[in-house]
């Protein structure tokens, strides 16, 4: 509906017919300046799509980069995105009665950043390096623009993105053919982006809106990352590590014995300090003592992420866990601890068959957001309970799912205080009861272990919401939906050549997100 015109007229023109109207929507059209000027970033405003490896000085012993990457310069893209919101911002000023420009020159802009790897992107023919069949996309969303009115303490919001998780508001910044696990290449390509971002933090953008020059200060929040990406960017050990959480220092064993009482302590600065300790080992400790001192930080943090929880992957992770728990309950694992492979397989088959028959839920290889949404419902639990022999186990499963359904809106909602205030108030109570059930009735699964996302769901949600006001709004969902568009544009709207396809996709995707 959004990419194909229902009228039968194609509204994505072939590339060569981009008219003047569309040219001004792409970054690199408007003039702006930074005060003070950005460190190590050119002052040229008329910069469109650039090679993502630009500025990467390859030394003699470096292997050539096996990748193709295209991006916008971060500051140019932000200026263009703000120009695109010009009407909305001016309308917001009028609503606040501030349109005469009296003291409305200093704006604050909140930016959500997302980055995600995609598998199975087939390679095109043609010249150029052999690229991996993987891609990584880095995007940003302008979440809100507020103004510091004179004589007022707090900022007045003049623009707020109503659909922060839509692919329509998630603007592509950089596309690359890289495997997200290839840390060296990923950091080499994102390095300049991080450099531009750091430069922009200490500077203001001067841009003409509504005929007046205004200044904007940007606040970046890297919250649209799944746990794998956060761990990679922040220098933590991989997800199977004993240090279970990207928000606190808890170990898996601690998190399973004390499920709800933890507070968010990790931060980018702390990770950098800990990396230094790891690197220098100032107290000459053994490897184990040192690892315990730095709580699993073992690489140099590279990109600052917001210590939060990604609502989409939280949903997916918890659904995966419930799916396994359903199988265990069908097979009554609480009675006989170590079932054989065959038994497990038969329980899974029974569960899949039942879900397919009663809920029309097809079994899938990897859990995804849509499956998770349908599995985590009361009706799904009723269907599963038909296969669970004992009534008391059925009651426990129903209660567990009931609690989960009460908790979920709190970290899914864009604005929980408005959308589900009651559930927000009861969250801590519900999570305590949930944890109690896990550690008693379901002890066989959670004895000394717990999954990463269950820990976050139970322990950290209220604190993050108190700090940020929302978890759902800052999720990676918009970027994940953008992955679909990437595949689509690459098939339909890009030149069939390695060298050019990414810039065509980037250009089309940007136009698609333009208001």
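Using N, Cα and C of the backbone, Cβ positions are placed for all residues, glycine too.
What TrEMBL lists as domain 'V(D)J recombination-activating protein 1 DNA-binding' is 1-32.
Sequence annotations record features per position, and here TrEMBL assigns domain 'V(D)J recombination-activating protein 1 pre-RNase H' to 33-101.
Positions annotated as domain 'V(D)J recombination-activating protein 1 RNase H' by TrEMBL: 109-241.
Feature annotation from TrEMBL assigns domain 'V(D)J recombination-activating protein 1 ZnC2' to 243-305.
Marked as domain 'V(D)J recombination-activating protein 1 ZnH2' by TrEMBL: 307-469.
Along the domain 'V(D)J recombination-activating protein 1 C-terminal' (477-515), the predicted structure has mean pLDDT 91. Annotation source TrEMBL lists domain 'V(D)J recombination-activating protein 1 C-terminal' at 477-515.
Scored by C-beta pairs under 8 angstroms, the domain 'V(D)J recombination-activating protein 1 pre-RNase H' (33-101) has its highest count with 477-515, from the stretches 243-305, 307-469, 477-515. Three or more CB pairs closer than 8 A are found between the domain 'V(D)J recombination-activating protein 1 C-terminal' (477-515) and the domain 'V(D)J recombination-activating protein 1 RNase H' (109-241), so contact between the two stretches is assigned (pairs 6 or more residues apart). Within the domain 'V(D)J recombination-activating protein 1 C-terminal' (477-515), the DSSP-based counts of helix, strand and coil residues read 32 helix, 0 strand, 7 coil. Residues of the domain 'V(D)J recombination-activating protein 1 pre-RNase H' (33-101) grouped by DSSP class, helix first, strand second and coil last, total 21 helix, 10 strand, 38 coil.
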